[in-house]
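Trainee: Have a look at the structure that comes next, please.
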Amino acid sequence: MAALWTLPLLLSARLLGCLALTPPDELPQPHNLPPSLGFNISHGGPSVDLPMALRVFSVDYHHVQAPFEIVLWIMLASLAKLGFHWSGRVPAVVPESCVLIMVGLLVGGVIYGVRHSAPPTLSADAFFLFLLPPIVLDAGYFLPGRLFFENLGTILWYAVLGTLWNVLGIGLSLYGVCLLAQSSLGDVSLLHCLLFGSLIAAVDPVAVLSVFQEMHVNEQLHILVFGESLLNDAVTVVLYKLFESFLRLPSVSGLDVLLGGCRVVVVGLGGLCVGLFFGLVAALTSRFTSKAQVIAPLFVFLYSYLSYLTSEMLHLSGIMAIVTCAVTMKQYVEANVSEHSNTSIQYFLKMWSSVSETLIFIFLGVSTIQDVHMWSWPFVCSTLLLCLIWRATGVLLLTAVVNKLRRNAVTFRDQFIIAYGGLRGAICFSLVFLIDDFPKKRLFITTTIVVILFTVFVQGMTIKPLVELLDVKRKKRALPTVSEEIHSRLIDHLLAGIEDVVGYWGQHYWKDKFEQFNKKYLRRFLIREDHQARSSILRVYQELERREQRGDEEAPPLVDPRSHSRLLLPEEMDSIRRILSRNLQNFNNKQTPAYSRHTLHQDATTDRTRKPLHRHQSLGERRTHWPQQWYHNSDSVTLELNALSRVLAVCSISPRPVLQDSSATAQTGPADPRPAGDDQVSPQHQVPAGRTPKKQLSFVLENEKQQ
């Protein structure tokens, strides 16, 4: 274990030596050297000529400096992540993001001690163009679509109005603090406070995912927190660019504010349209990859990244574009490509996003060691306190309104976790470095770092104990069965029909209309003919098979259900026998006449005579005549045994013949009302002589095993 943690430090020290090398332009040049050393003088300066002798070994680090350092950083991040998961009980107490930031702080301190200068920082371009897209793509591609769209209204309510509430509240409150502390903060304007409020209100999906995935909270709470953090970033980035544009104007008028509001809408909807376009193109392209399945996963990454870059080029929301592209193409791409390609897509996305997330947290720690810090107790403490207050009040007020429109209300415990789970991360850290230079920029950088470290360390480490203390509902970790999916769709169709009858256009109505449009047009156009499921049940089964084959994290370990069962009392077993025998006998004797809506009233003279079914014997009686009864009345026996197996879960296959109980035979003989011929086995069910008889099914209760 010590080797896993010391190896990253050795790599970082090696990297420091590489970074400390002098560029080739600053190397001392030889003058007036003899020609035997391979140098000649021409045009008044030294020039390198071909060596007089062959070199056996040489080093040219500057030729591979950039890729070599990138590989070393990725190796450092991967080894740090590996060491975290092999560190015993540490993952159960400390979140992974905290450990990675601490590793970054340690590496940054080593770099600062060796070079006596600030370590390299994570540039905004590197973050937004290379590290953020894989994380957002992974989150969008594996987004639980049903939960997301069922809670879309609440998510947008939190992401849009909640973000505006936090930005305006924090910005205006900080401006009031600056007015109170005129001596030290008098040169901070209102627009600067609003600009800082827009970036400090950004809830980071990277930090939220890294913490909430380890707690396994219920699906509704997880999708509300994750969806709000995902769309919150798109809103905060747009607001940040809007206030940045206001700062560059000589004066801001009412028309500028109105145009700024229109720009927010255009940026969001524009990113949505760009993502939708590239998602449909990616789905259409995957339809023609049957003869080149090797490159099929490549189109998922290329079209997604292209949608993000196109949106950034057009100054639209890249986060909205890549999420929309991933959600749009997922169901069509999974239906077109093979299972091996789906597995490749899943593992590559997980690997890519995991490496990006690890690099982000390590660079957060490394970039904290800087010479540009400026401290102000009123500003830093006020920012930290205002972030908590405005988020908590926003969640409580917005939830009070949205609960009046929801069927499943957001409980107070869930509201507390939503408010407490507003973790800050690399989004606000990258945005703060993009601010144009002004006297208090270093104060903004220091305050942002303090807020990030507080939310990740304090809130991130205490949120799991709070979830357990408040007894927040956890997630059902078992994968849904086909029966559950079918019943869920049945309820959806039923609710859609009810909404259609009463004339209410709710979410089930529009969902049903989209499913019809998708089945009639989109699936026929975007999915190959040989991959289109003929039945919706078959499509559900195929989806569950894919989820089971790729080994979802929600799948629980196989546990024997009988390990926690208790022994049944004799009176309980007698009660179970009586209930099952009576109900099964009534079920077999019941006649359900067939009818349609045109013939609702059956003719009274209809012949209702039916051959009476024989009374079912009790379990003890059935064991005495098992072979004959199994072949004679196999359907009813199978039905009863299935019911009993579900109740008692003690069904077993026994290769030995069941022993006859003479006392039980004597008791059951006179009481059996059947004709004598019914006890004989039919000729088609007789076992021929010389053939090994089949294994008989024995059903033994736990209490009877102990006797």
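From the backbone N, Cα and C atoms, a Cβ is placed for every residue, glycine too.
Since the structure is predicted, the reported quantities are computational estimates derived from the model, not experimental observations.
According to TrEMBL, the feature signal peptide maps to 1-20. Here TrEMBL flags 92-114, 126-143, 155-177, 189-211, 223-243, 263-285, 345-369, 375-403, 415-435, 447-467 as transmembrane segment. Per TrEMBL, the feature domain 'Sodium/hydrogen exchanger regulatory region' maps to 565-619. TrEMBL lists 587-621, 659-707 with the feature region 'Disordered'. The annotation compositional bias 'Basic and acidic residues' is assigned in TrEMBL to 600-610.
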Trainee: At a C-beta cut-off of under 8 Å, are there same-chain residues at least 6 beyond the transmembrane segment (263-285) that contact it? List them, or none.
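Mentor: Sequence-remote neighbours of the transmembrane segment (263-285) are 234-235, 238-239, 242, 299-300, 303-304, 306-307, 310-311, 314-329, 332-333, 336, 525-526.
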Trainee: For the transmembrane segment (223-243), what are the same-chain contacts with Cβ under 8 Å, counting residues 6+ beyond its ends?
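Mentor: Long-range Cβ neighbours of the transmembrane segment (223-243): 136, 139-140, 144, 147-148, 151-152, 154-156, 158-160, 162-164, 167, 191, 194-195, 198-199, 201-205, 208-209, 212, 260, 263-264, 267-268, 271, 315, 317, 319-320, 323, 410, 414, 417-418, 421, 427-428, 431.
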Trainee: Determine the mean pLDDT over the domain 'Sodium/hydrogen exchanger regulatory region' (565-619), rounding to the nearest whole number.
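Mentor: So the average pLDDT across the domain 'Sodium/hydrogen exchanger regulatory region' (565-619) works out to 56.
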Trainee: Compare 155-177, 345-369, 375-403, 447-467 by their Cβ pairs under 8 Å to the transmembrane segment (189-211) and return the stretch that comes out on top.
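Mentor: By the under-8 Å Cβ criterion, the transmembrane segment (189-211) pairs most with 155-177.
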